[in-house]
């Protein structure tokens, strides 16, 4: 094994472990943000007996395995989802840095990784509460700034694309939300797609929405047939679509361009919105 290969392996191992550690913080966000609790000041504790969690029991993934998924004080079961979130974030970081090449595009990979972490928070928080935290959405939108300033050449995004992306999906969703009094679409979904559009630009935000609609529709049909209700949080599917579009949006768009008139549709839509602006 040559030195360069060994170096890359060490880098990717570090990225994975770092992602897991950030995943531990995401669990704090998912649990505390809906309750309005501080992310920093409050100490982690068992939700059954209230006993503070020991520092040695805060090691991501490892502590849960050593404790066999139980509180050290009262023996109450600790949800495996905490470990799932940690591993999921670590895997996402690894996939992102492999996809964008950690050597050639480290900053862009880091920005997309942070955005993906925020989407994981959106996914699980909306799944639990059917609410999307505004500050998490603001964070996603804010990441578009360093992406444009430092990575516009390597990711091929323009300011015009970002502005159109922020409007092309969010405006129709806003109309749906207002017309249905937020029954068909919550304002959190509208804000999320505005922030995502700013980050992704066009056509990737359109691809994100398409993925969300397809996956959400499948789940809705399954729920309708299983329990007669198709009411569910749409945020998780938007988060999934945004994450996929951030990594593979360009490849998906290129695939569709070869088999459809998607390029003409995007061009016409972009020109119409640009003229309005």
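From the backbone N, Cα and C atoms, a Cβ is placed for every residue, glycine too.
Features of the protein shown, as given by TrEMBL:
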DOMAIN    17-100  domain 'Prepilin peptidase A24 N-terminal'
DOMAIN    114-221  domain 'Prepilin type IV endopeptidase peptidase'
TRANSMEM  6-31  transmembrane segment
TRANSMEM  106-125  transmembrane segment
TRANSMEM  132-150  transmembrane segment
TRANSMEM  162-179  transmembrane segment
TRANSMEM  191-223  transmembrane segment
TRANSMEM  229-248  transmembrane segment
Checking 6-31, 106-125, 162-179, 229-248 against the transmembrane segment (191-223) for Cβ pairs under 8 Å, the most are found for 229-248
I'd like the per-state residue tally for the domain 'Prepilin peptidase A24 N-terminal' (17-100) from DSSP, helix first, then strand, then coil. 47 helix, 4 strand, 33 coil
Suppose you look only at the domain 'Prepilin type IV endopeptidase peptidase' (114-221); what would the mean pLDDT be? 93
Given the transmembrane segment (106-125), which of the listed stretches 6-31, 162-179, 229-248 has the most Cβ pairs that are under 8 Å apart from it? 229-248
How does the domain 'Prepilin type IV endopeptidase peptidase' (114-221) divide up by DSSP, counting helix, then strand, then coil residues? 89 helix, 0 strand, 19 coil
With a Cβ cut-off under 8 Å, give me the same-chain residues at least six positions beyond the ends of the transmembrane segment (229-248) that come close to it. 92, 95-96, 99, 112, 115-116, 119-120, 122-127, 130, 132, 185-186, 188-189, 192-193, 196, 199-200, 204-205, 207-213, 215-216, 219-221, 223
